[in-house]
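A quick write-up on the structure given underneath.
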């Protein structure tokens, strides 16, 4: 996709939503990290429902560790893969306390070494908490990028690298939020709402429908 078209797409996103935010609800750096881990193969809505009562009392690594793995499972059992997620979060809490003074590191390599943290989670944390121009590629971003012709790739990492190359630096702080929200509410998986899409005139998928 030509640079001027990419720029136009993000100009439209920016005009329609100047300051996009994650839809995950969190209280501090640690609770965002936990929420993003829980959001893997789950919806933000389901995560927010589960963490509302959890974070009301247990919002630090020390408190989650005190709650314990079985106690944590009781709060997050409505979320997919809750057994493995609980195990990872408890292990993560121990590492944060012992290695990072119970703080969330602001380094990609340090983050992806934490249990339950992959590229997407690390990039979300770096972007949302520390304002870094990262590109977190979830299922929505992967689908939208390929569908509209923004970035073609067979894996999230390939799409991530393509997007980082073609998106102007000035858009990168908000770019992954715009793409996620576009995929969640307009460019849906089964049936995209092309009629209300603000960027359809620049979209490969829409062009091929004609």
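Glycine is treated like the rest: Cβ placed from N, Cα and C.
Remember, it's a predicted structure, so these values are computed and weren't measured experimentally.
Annotated in Swiss-Prot:
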type    : residues           : note
BINDING : 187, 194, 197, 203 : [4Fe-4S] cluster binding site
DOMAIN  : 108-127            : domain 'HhH'
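Here the features listed in Swiss-Prot are placed on the structure.
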residue : record                        : DSSP (3 states)
187     : [4Fe-4S] cluster binding site : coil
194     : [4Fe-4S] cluster binding site : helix
203     : [4Fe-4S] cluster binding site : coil
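The most densely surrounded of the binding-site residues 197, 203, judged by C-beta neighbours within 10 angstroms, is 203. Same-chain neighbours of the [4Fe-4S] cluster site beyond 187, 194, 197, 203, judged by a C-beta within 8 angstroms of the site's C-beta center, are, in sequence order, 147, 148, 186, 192, 193, 199, 200, 205, 206. The number of other Cβ atoms within 10 Å of the Cβ belonging to residue 187 ([4Fe-4S] cluster binding site), over all protein chains shown, comes to 23. Model confidence over the domain 'HhH' (108-127) is summarised by a mean pLDDT of 97. Cβ neighbours within 10 Å of residue 194 ([4Fe-4S] cluster binding site), excluding its own Cβ and spanning all shown chains: 13.
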